[in-house]
Structure formats: C-alpha cells, structure tokens
Amino acid sequence: MDFLIVLKALMMGLVEGFTEFLPISSTGHLIVFGNLIGFHSNHKVFEIAIQLGAVLAVVFEYRQRFSNVLHGVGKDRKANRFVLNLAIAFIPAAVMGLLFDKQIKEYLFNPLSVAVMLVLGGFFILWVEKRQSRAEPKIADVDALRPIDALMIGVAQVFALVPGTSRSGSTVMGGMFWGIERKTATEFSFFLAVPMMVAATAYDVLKHYRFFTLHDVGLILIGFIAAFVSGLVAVKALLKFVSKKNYIPFAYYRIVFGIVIIILWLSGWISWE
C-alpha cells in the first residue's frame, strides 16, 4: 500500500473517532477533511468501518455496564428499564431514517445545509446551556431516566438525520432541554449511540456490501483501529470535561466551523460528491 494513502486513511479514522461523540458533526468534518487531504477510497465501505470502530469504543469503555445489563435483562428491574429506555429513544430516528433516507440525502446532503445546521446548532447549545444554568436539572443519573425522558431524547435525535446537526449534539441538548443533568445526558447519548450506529451500519452494509473488495481491507482496518482508539480517547475526555465545564466552547466552534465550510465551498476547496 502507498504510504500516503495509509496516512490519509489513518487521519480519517482519527477524525471520525474524535468527532463522533462531540457535538460538532462528524459528517461535516469527514467531508471537509477528506476533500482537503484528497482521500478518495471506497468511500461508503470505509465510512461504515470507521463508524463501527467508533461505536465499539463506547462498548469497550462501558463493557462492564453492558455486561451487567445483558445478564440482568428479564431479572433485574434496573437493567430492564435501561433496555426499555434505549429502545424507546432508538425508535423515532430509526423510523424517520428508514422513511426519509433517500430524500434527506438528495435534498439536504450539501454544504449549505451542513453549514446552516452547524451554526443553528451552535446557537441552540448556547441557549440550552444558559437555560440549564438558571434551573437545577431534574434528573442526575442514567438509571433515574423515565420512558418519557427517553422518548424526548429520541425525538431530539430525529433532528440529527439532517447532516450537520450532530447525533450527540441533538441527543445531549435534547436531554438537557428536558431537564436532564449535563453529564447524565452525555452518558445516555453514548449508550444510545450503540444501537443507533449498529443499526445504521447494518443498513449500510446491506446496501453497499457489493462494493467491498479485498483490495480495501488494509485501509479499512487502519481506519477502523484509528477510529476505535480516538473514539475511546474522546469518550473519556468528554466525560471528564462535562463533569466540570459546559458545552459552550463547542457551540462557538460549531458556528465558526459552519462559516468555514461556506467559505471553503464557495472558494472551491471542497465538493460534495
């Protein structure tokens, strides 16, 4: 394999892992970064691999929690409620995604939509953070979440179907808006990423498996490992960060990044193929 291509695959995996769980849109970063470094591998298959690497980072980080839940389902009330909440939160975006996947990719997968959603999302984060600073959150533990809380987070996740919104951003801010404490909303967003991204990966595999070739295996493995490692670092770092600080820095970053996308697009530095 060409060293430069390997380096680019490594960089793309790192970008996916670092941005997937931050409220800054991994999709926007992958497209912009991919264009800037000229990475043109078997795009969809590679994207599936690095997304899977990122989600497995969450599974690894919370392996004890998931193990306890799996062993406790049907026997333990706490485990049953956890699974029920994940299922409830999963359904809205899954249904809407299946119904409108084609339309979303046809009409909203463009630089302007991504940039606008990044900027709007940034202002929404600022508003939600200001709102929560004025009132004590009602829920401060994932195990205290009720089905209605999970449903509200699931409804918020629907907005993440629009590129540039950010799945983690919509679920965390949706939870905080509903009165869930910042770190609790962040943890539940991590947990919800597992069924959501596994389902999305399975769906994409069924649609694009015929494009997979043995020639791509090396690059896919490199991207997968890079996304797993960087995703693990991002999850640990974000939890530590939100334990002491808020999401306001990410809000300003989104606003600036959205403007940068417009500038790069208008100047011809990035395309959307």
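Just so you know, glycine gets a Cβ as well, placed from its N, Cα and C.
What Swiss-Prot records for this protein:
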TRANSMEM  13-35  transmembrane segment
TRANSMEM  45-62  transmembrane segment
TRANSMEM  82-102  transmembrane segment
TRANSMEM  108-128  transmembrane segment
TRANSMEM  186-206  transmembrane segment
TRANSMEM  219-239  transmembrane segment
TRANSMEM  250-270  transmembrane segment
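Between the transmembrane segment (219-239) and the stretches 13-35, 108-128, 186-206, 250-270, it is 13-35 that has the most C-beta pairs under 8 angstroms.
For the transmembrane segment (108-128), the partner stretch with the highest count of Cβ pairs under 8 angstroms, out of 13-35, 45-62, 186-206, 250-270, is 250-270. Outside the transmembrane segment (250-270), and at least 6 residues removed from its termini, the chain residues within Cβ reach (under 8 Å) are 22-25, 28-29, 31-32, 35-36, 111-112, 114-119, 121-123, 125-126, 129, 164, 166, 169. Sequence-distant contacts of the transmembrane segment (186-206), counting only residues of its own chain at least 6 positions beyond either end whose CB sits under 8 Å from a CB of the stretch, comprise 20-21, 44, 47-48, 51-52, 54-55, 58-59, 61-62, 65-66, 82, 85-87, 89-90, 93-94, 97, 142, 145, 150, 153-154, 157, 167-168, 171-172, 175, 180, 235, 238-239, 242.
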